[in-house]
């Protein structure tokens with residue numbers, strides 16, 4: 001062993017066992033995959049005990065349903081201009097292909113194939129359920145076009161693949177474009193995306209919504225997953241933070257009327273708290289093997305602290321939605337009865353079923369029992385709980401007396417069970433705040449003092465000794481008592497540097513793109529402290545205010561949508577091009593000088609050019625487009641296409657003698673699909689590719705074998721000739 005190198009104790013133990021003749025553990029990778037057994041005696045006993053179903057017949061249906069795989073669901077991004085056109089394509093072309101592919105997969109006549117189900121409770125018929133599992137779509141060759149469609153349109157931000165029951169909480173939160181929204185446990189981001197869609201639901205009324213969505217998660221790595229999900233929607237009204245939701249700090253905001261700093265209160269808060277997840281058994285069958293009651297007992301306290309903190313940050317008259325993907329009353333009704341009781345009338349459960357008409361659900365439970373981890377002992381009150389379990393099972397987990405429970409209105413909660421509409425299991429409750437809570441924290445003065453200290457760091461007066469020399473503070477010397485600074489987990493984020501009033505780059509950008517005065521240039525930002533800016537982002541005014549006032553108070557992961565990108569070209573007079581991601585926002589502020597209206601045939605020609613080194617010549621375009629190109633100088637521009645059903649705006653690049661569309665592959669396919677163009681060039685059949693790769697590998701192996709045989713024959717001939725000599 002090398003000097004100074006530590007020995008691996010696990011490897012040493014393994015070597016010792018081998019030396020002692022212990023039998024080696026079998027290599028499971030060589031064994032065939034075993035299907036997970038969808039059974040758990042403790043789970044079945046516990047939920048049968050709770051009477052979550054009305055009778056034995058329904059209980060049998062529940063068990064049969066929860067053991068089946070979950071069907072695939074998706075929804076169309078509703079606020080986009082082309083949403084209706086895409087929905088029409090889905091209903092006609094996609095579903096026709098779906099019926100054909102499913103008929104081929106199951107060897108059935110097309111008439112017997114069940115059509116996709118439009119979810120009746122989702123607004124405007126924008127969500128569909130397919131009678132196929134994720135595994136079916138991913139691993140079946142007849143369905144490769146459906147699989148390609150889901151991947152491309154999801155990446156382009158036009159649809160979102162999301163479990164049906166997961167769509168309910170944002171709907172009952174009833175977000176309006178003016179709302180300040182907090183998503184406390186946001187990752188992986190499907191519900192956050194829904195909240196952003198609701199915020200942008202009235203583009204004709206608000207160019208940029210006055211409200212915003214603050215999406216938070218405690219897990220640093222999951223925050224980046226959240227950014228990836230939400231960024232597909234390209235909203236300037238999103239701020240992603242990384243903090244423990246149960247101790248989420250109060251945030252400062254600037255009052256528009258008085259310009260004074262106040263504590264931010266949210267109009268809408270979503271608390272989709274961490275849970276045991278037994279409502280997702282159809283999607284995650286591995287939970288069958290590890291389910292036990294200890295998970296619910298451990299999470300009850302965390303869930304309560306999160307919803308309590310959320311209630312504190314909620315504005316009076318605001319709405320909070322508490323949701324879990326668990327069926328357990330310990331994680332659901334027990335948490336809610338506790339927070340409603342502690343609020344002493346400040347919080348009230350409300351019925352929000354009118355926001356999801358057609359959704360089948362059961363009311364909240366008013367009575368439930370607790371049990372040991374193995375469900376071998378049942379408790380109906382805390383008095384029955386043995387002393388050794390008092391730290392695990394707490395009095396607040398038991399149902400309140402019937403008289404108190406009737407005043408809370410726990411039956412207004414919604415329990416969605418898998419067998420009711422072929423979905424996952426879910427729990428949703430809607431709370432409204434009637435007055436401030438008695439335990440609300442108001443630390444405005446402390447926050448203002450902290451902000452002042454950061455703006456103007458105080459210089460401590462130097463203390464002198466008897467001889468007049470400065471005395472060293474013991475905190476400043478390495479051997480003195482030192483205070484450890486709180487360490488933020490995860491990556492160190494780049495700074496958020498907003499434009500100044502006299503920013504050098506803004507004036508040239510304004511002149512080149514004829515930006516109008518309604519664009520607040522101070523909402524433009526970069527992520528680096530350098531004069532040579534690479535990417536320029538844009539965020540809304542409230543988001544800018546949040547970042548400036550709270551950057552030192554909470555870890556900010558991401559904000560702003562990419563609007564301008566440095567793209568220096570020897571032929572152009574301006575170094576910044578437009579970014580397609582930010583065009584949804586910046587388009588409203590850009591003048592007419594950098595715009596070209598194109599016809600359908602021209603746009604299809606531009607999009608079909610996939611080689612950026614060989615863009616289409618302007619001579620290939622229609623005369624009207626050619627004339628407009630002559631009037632336009634070299635550089636970034638906006639291509640506008642007007643259809644009867646929608647209008648498209650695409651970033652383009654006017655070259656010296658060419659014009660090209662500046663969009664990525666998935667966005668290209670999405671636009672071509674809307675235009676009704678031929679997509680065969682972009683269709684990828686991974687099964688055919690795999691067959692071709694296998695055939696190529698077999699041919700290469702055969703060629704190598706033939707070459708080896710030829711060499712052997714030559715060697716034998718040489719040996720024979722030498723023997724004769």
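Every residue, even glycine, has its Cβ placed from backbone N, Cα and C.
Features as listed in TrEMBL:
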type	residues	note
COMPBIAS	1-18	compositional bias 'Basic residues'
REGION	1-32	region 'Disordered'
DOMAIN	62-434	domain 'SAM-dependent MTase RsmB/NOP-type'
BINDING	185, 186, 187, 188, 189, 190, 191, 217, 244, 272	S-adenosyl-L-methionine binding site
ACT_SITE	325	active site, nucleophile
REGION	455-480	region 'Disordered'
COMPBIAS	466-476	compositional bias 'Basic and acidic residues'
REGION	705-725	region 'Disordered'
COMPBIAS	714-725	compositional bias 'Acidic residues'
Looking only at the region 'Disordered' (705-725), how are its residues distributed among DSSP helix, strand and coil? 20 helix, 0 strand, 1 coil
Residue 325 (active site, nucleophile) to residue 191 (S-adenosyl-L-methionine binding site) - Cα separation in whole Å: 13
What residues, ordered by sequence, lie under 8 A Cβ-to-Cβ from residue 185 (S-adenosyl-L-methionine binding site) and sit at least six positions away in the same chain? 216, 217, 218, 245, 271, 272, 273, 274, 306
Around the Cβ of residue 325 (active site, nucleophile), how many other Cβ atoms lie within 10 Å? Please give the count over every shown protein chain. 25
Far apart in sequence but close in space: which same-chain residues, 6 or more away, have a Cβ under 8 Å from residue 244 (S-adenosyl-L-methionine binding site)? 218
Long-range neighbours only, meaning 6 or more apart in sequence with Cβ under 8 Å: which ones does residue 187 (S-adenosyl-L-methionine binding site) have? 217, 219, 222, 223, 225, 226
For the domain 'SAM-dependent MTase RsmB/NOP-type' (62-434), mean pLDDT (0 to 100): 94
Around the Cβ of residue 191 (S-adenosyl-L-methionine binding site), the count of other Cβ atoms that are within 10 Å: 26
Over all shown protein chains, what is the count of other CB atoms within 10 A of the CB belonging to residue 189 (S-adenosyl-L-methionine binding site)? 27
